[in-house]
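A short worksheet on the structure shown next.
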Amino acid sequence: MAPPAARLALLSAAALTLAARPAPGPRPSPECFTANGADYRGTQSWTALQGGKPCLFWNETFQHPYNTLKYPNGEGGLGEHNYCRNPDGDVSPWCYVAEHEDGVYWKYCEIPACQMPGNLGCYKDHGNPPPLTGTSKTSNKLTIQTCISFCRSQRFKFAGMESGYACFCGNNPDYWKHGEAASTECNNVCFGDHTQPCGGDGRIILFDTLVGACGGNYSSMAAVVYSPDFPDTYATGRVCYWTIRVPGASRIHFNFTIFDIRDSADMVELLDGYTHRVLVRFDGRSRPPLSFNVSLDFVILYFFSDRINQAQGFAVLYQATKEEPPQERPAINQTLAEVITEQANLSVSAAHSSKVLYVITSSPSHPPQTVPGSHSWVPSVGASGHRVEGWTVYGLATLLILTVTAVVAKILLHVTFKSHRVTASGDLRDCRQPGTSGEIWTIFYEPSTTISIFKKKLKGQSQQDDRNPLVSD
């Protein structure tokens with residue numbers, strides 16, 4: 001046995017090595033929800049993003065078994081393209097290549113985005129210590145779900161498969177400590193299902209044991225819920241409940257990325273988590289829409305299967321949405337002028353008219369004038385180039401008052417003159433007494449001259465008001 005000092009040095013070195021090794025980064029958004037990528041419909045056309053080989057077009061591979069001539073209706077995702085696909089149910093997407101290696105004319109595609117949720121990746125296993133240090137077993141009928149179910153029954157969080165027949169369990173958070181490997185290095189087929197990948201030699205493929213569980217509780221903003229026993233076919237006589245409760249969510253968006261239920265007696269239901277009222281029901285005859293929303297923050301997912309038929313099941317992706325409370329709109333900054341006017345006639349009017357142009361505007365140096373029943377208006381620049389100030393309104397009002405006063409004065413003057421004329425006529429009648437004709441002429445003539453002079457005196461307003469208008473100077 002090594003001395004304590006040596007053991008301490010070894011532990012310190014191991015700790016430093018572990019701390020220096022970065023944990024796996026965030027996975028890209030999943031483009032696959034099956035274990036073997038049979039549902040991949042992406043656009044990668046190389047066997048690997050770095051150092052890969054270009055794929056051949058599926059409509060040019062007539063010498064090979066899979067081409068658009070044999071599958072003209074897009075079966076398996078084939079078409080007039082060279083994207084990686086998995087039309088034959090292999091362990092991962094692949095494509096034909098032009099360069100043959102030892103008579104092999106196709107290659108698997110390394111697609112980072114084609115990794116089903118719950119698949120934690122492919123990692124190196126040097127065996128000292130292994131990535132998962134819990135219990136283990138081997139089986140010549142091993143599948144992904146048989147290993148996951150075994151580890152879940154032992155209350156482990158992670159399940160790993162190697163070489164197609166070995167199953168490892170554990171709770172080790174540092175399962176990645178020996179390094180991550182390419183997904184194509186874990187493509188050894190499972191002994192119990194040749195369409196599923198079960199690791200490789202010295203390579204372990206890891207899964208979360210929640211995958212394929214019959215029931216569970218979810219509270220995250222987004223997750224994927226699989227049917228029981230997924231990716232294997234679901235068993236008969238299953239009754240499972242999953243609660244999806246996201247406090248504060250205004251709605252939950254559901255998307256069934258996989259739905260393979262062939263029996264009308266097998267069903268999937270969504271229930272109101274508070275009242276247990278059935279919201280929607282889907283079965284072999286009534287398939288779910290592409291996506292839909294439920295305006296609740298608590299939903300129960302229910303699955304039932306009878307004792308007759310089996311199928312792959314379902315994978316449903318949910319995404320909760322929280323609507324933030326409306327924020328108060330900040331005060332509008334009044335430093336920029338907003339001019340709303342007819343630009344077509346503005347320049348012509350400004351060049352040939354002296355009228356004042358009014359525009360909607362706001363300026364820190366000229367506070368807006370409030371006019372009842374309208375916007376805040378400020379006079380703009382006229383044709384003369386001088387700004388009409390705000391007091392122009394008061395000048396116009398004063399001019400209007402003076403005009404009204406002048407009109408009223410003129411009316412009063414006219415009434416006064418009429419009354420004086422009536423009085424003069426009466427005096428003339430009183431003066432027409434018997435006498436000579438020359439005296440009558442003199443009396444008649446003098447008032448006429450006097451009245452004319454009186455009018456001039458009224459315009460000049462230089463005489464006393466109490467004088468008789470018929471008396472001349």
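Just so it is clear, glycine is given a Cβ too, placed from its N, Cα and C backbone atoms.
The disulfide entry in Swiss-Prot for C167 points, among C147, C151, C186, to C147. Checking the candidates C190, C198, C240 against Swiss-Prot, the cysteine paired with C214 through a disulfide bond is C240. Between C190 and the candidates C186, C198, Swiss-Prot records a disulfide bond only with C198. Only one of C114, C122, C151 is recorded by Swiss-Prot as the disulfide partner of C32: C114.
Take the glycosylation sites N59, N217: by the count of other Cβ atoms within 10 Å of each Cβ, the lowest one is N217.
The most densely surrounded of the glycosylation sites N255, N293, judged by C-beta neighbours within 10 angstroms, is N255.
For the domain 'Kringle' (31-114), the DSSP counts in helix, strand and coil order read 6 helix, 16 strand, 62 coil. Per-residue confidence over the topological domain 'Extracellular' (21-392) averages 84 (mean pLDDT, predicted model).
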